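Annotated topological domain 'Extracellular' per Swiss-Prot: 1-13, 71-80, 145-164, in sequence order. Residues annotated as transmembrane segment in Swiss-Prot: 14-34, 50-70, 81-101, 124-144, 165-185, 201-221, 223-243. If you look up Swiss-Prot, you'll see 35-49, 102-123, 186-200, 244-289 marked as topological domain 'Cytoplasmic', on the strength of sequence analysis.
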């Protein structure tokens, strides 16, 4: 029995330090990404989402590093660790869902939902609304369920938690469905190839499915999973850190054309909002008609 506890303790420590290492690397990448998106690249509807998403990932990884260092120093985990880190994680999930759905609608209906068919600051205003609403959607159930303080009201907790579970389920399923649509129909059923932002949405949707959904499941079923699968939370945390840290590398790889191309050139190519043709949309190639 003692050896089982030793194995579990070693496994938990390995996941903890892996998460810390990935978070530190992701902080460096998202810092560079924020600098390029914020100061060096002209803003447009799509890269506005990515700028706010990078900010949410930066805050998530910063809190991850800060609470991890505090745990190393004090020897115990702060009670605010999970609700605070999940807050920025949820902001990123909502922003990612908005970005993927916007790319999907622009691809399906370029004449009505394209970048040139909307008010200039639509994406910016939507991002601000997402930041504000996520604060309420996470902090209210966290407070009612005793995650922020030790006071808990069972009926109020169940009511708020049920609303947050439905909200997260709708966000995750919408984002996964839209990215799957872009992946299948964009590559098989259209004569117009997907734009670079649609391709980024496809890759981001795959990352979301494998790396973000586990932490969403943990939030929804926290008491049950914590009791039955104690290793699930550190593993889900590691996957969430990988997702938040991988995006700068993903953007660089999507924008790079030459082997030793400068970072700024690759990011400008991947995230710049140059004018794109509005002749997209879903249509069968002539060879298939």
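For all residues, glycine too, the Cβ spot is worked out from N, Cα and C.
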Seg_contact(the transmembrane segment (124-144), the transmembrane segment (201-221)) with at least 3 CB pairs under 8 angstroms, min sep 6: no
Local confidence of the prediction over the topological domain 'Cytoplasmic' (244-289), expressed as mean pLDDT: 73
Long-range environment of the topological domain 'Extracellular' (145-164) - Cβ separation under 8 angstroms, sequence gap at least 6: 79-80, 82-83, 137-139, 219
Positions whose Cβ lies under 8 angstroms from the topological domain 'Cytoplasmic' (35-49), at least six residues beyond its ends: 95, 98-99, 102-103, 115, 118, 122-124, 127, 197, 263-264, 267-268, 271-273
DSSP helix/strand/coil residue counts for the topological domain 'Cytoplasmic' (102-123): 16 helix, 0 strand, 6 coil
Residue distribution over DSSP helix, strand and coil in the topological domain 'Extracellular' (71-80): 4 helix, 0 strand, 6 coil
Close approaches to the transmembrane segment (81-101) from elsewhere in its chain (Cβ under 8 angstroms; 6 or more beyond its ends): 46, 49-50, 52-53, 56-57, 59-60, 63-64, 67, 71, 126-127, 130-131, 133-135, 137-139, 142, 147-148, 168, 171-172, 174-175, 178-179, 182, 201, 204-205, 208, 212, 215-216, 219, 237, 240, 244
